[in-house]
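Novice: Here's a structure for you.
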């Protein structure tokens, strides 16, 4: 019996694969309307997510999600190897790019208040495959970044308890490759504990995050004040000057620390759980990016003031810096405070990753059981548990330096796509301009950004930099003049379009090109794998789902018509 079932399934799957070209043609560029996304697709999860969050919850979730990730995880290695004391300038550049991207996210989230974030925005704008590609990259970046951050939690907790060695609580396994041979069981325990907390309730998790974020901001203030009080301006210029690795180092550093700004993306995935999303989302998303950017820059500056850049520790950088200025008690305090901040950032990031997977499951691009929302807790239980286990598995083995640039390239690619989608939506779907004109502008803008970036990378060719800078400004100004934008004044929209979104596209392309070739190779392998999954599973699953729903709608219409049609016998009697 089982053999017959397996044989029938295999024949059916082979038949589906033979239909792949037809199904790809039909599904790759298929789009949904916002009304379908907010009603028809959302209903596939069964129960609705519960709207319990307010604007201050969103700010706390955004700030809590970002704080702790960047400063405590990336500042040390970036300052030591990439930028020198100018690491705070890298945070400023990355913060400007993140702010522009957050404006694009905010416009979409106000008009499409769905849990899918960038996946939903891009699926509604550019079609199913682009949305799936972005969603898969977002989930990859979340899982890898959460695993990396959890391992940093162990390092800071070691310092808090007075350990001198950051790997003191890890178990070394001889025979495994370097970078995968230090097993981190505290990181695994933390991830599993947060996973169980998130399965219980979003509101309670948000309240816990709000409390931790308030203490964390106070703690940041303590580090900034003490660091600047005990620091010396000489450390900013000695040894080697403010930017010993040059302007290239500062910009390379900006691409790496961009990893620190993933948190506001998590906030946009909570659109289905926010009261009054039209007002709360702009305040929460943009406000959290501005607050976090300011704190990041001041924290990085205080670290550079405390010790010369070549003495900054690669691991637990702030704790070790306070040890070196003779404040051992402060070092232990910072270890504990950093651990608390990392817990808050993990809480928010893991909250966001589950909602992305839930939305992708609703679209039937991954197994449908991942889309289910638990009726009593109102949380995406299956998606939360599945990604929690994946994150814990990676955190057990993998060191930060292996995944950090892979995270950055995935984040920058998704933010680049969202900025493009913002322009396309505003000018084609809202203002009703011809798609060809807008797509041509986006292609020219991206090509100009690539030209500038390559000129910078190839020994900073100044003629190329000047030409492509001027051409970028000219392209945006010409489009602004020739193609007017129309939008509703009743709902929040990105101001001064297309400039903010266009500059976001330019910066994301530029920051991507500063990453190492290994990042692009790993990203290419990952892109091939997720594309293969889409061709072998996703496109067939969505095709059948849409076919079934269409048949159901036809059946409902037929039933209604048969009910309304008068019976012939009744007519004869009358």
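All positions are counted from 1 along the displayed chain.
Even glycines carry a Cβ here, placed using N, Cα and C.
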Novice: Tell me which range among 419-437, 438-456 TrEMBL lists as transmembrane segment.
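Specialist: It is 438-456 that TrEMBL annotates as transmembrane segment.
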Novice: When you get a sec, could you say which of 58-80, 150-172 is annotated transmembrane segment by TrEMBL?
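Specialist: Checking TrEMBL against the ranges 58-80, 150-172, the transmembrane segment one is 58-80.
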Novice: For the record in TrEMBL, which of the ranges 17-39, 86-108 is the transmembrane segment one?
Specialist: 86-108
Novice: If I go by TrEMBL, the feature transmembrane segment sits on one of 493-511, 550-568. Which?
Specialist: 493-511
Novice: Report yes or no: does the transmembrane segment (438-456) come within contact of the transmembrane segment (493-511), defined as 3 or more CB pairs under 8 Å with a sequence separation of 6 or more?
Specialist: yes
Novice: Which range out of 86-108, 120-140, 179-198, 210-230, 493-511 gives the transmembrane segment (285-309) the most CB pairs under 8 Å?
Specialist: 86-108
Novice: For the transmembrane segment (493-511), name the stretch out of 58-80, 210-230, 242-264, 329-352, 523-543 with the most CB-CB pairs under 8 Å.
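Specialist: That would be 242-264.
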Novice: Look at every Cβ pair spanning the transmembrane segment (523-543) and the transmembrane segment (86-108), keep those 6 or more apart in sequence, and say whether at least 3 of them are under 8 Å.
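Specialist: No, the stretches stay apart by this measure.
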Novice: Who are the chain neighbours of the transmembrane segment (120-140) in space, where the CB to CB distance is under 8 Å and they lie at least 6 residues beyond its ends?
Specialist: 27-34, 37, 105, 108, 112, 114, 265, 353, 356-357, 359-360, 363, 365, 387, 406, 410, 413-414, 417-418, 420-421, 424-425, 429, 526-527, 530-531, 533-534, 538-539, 542
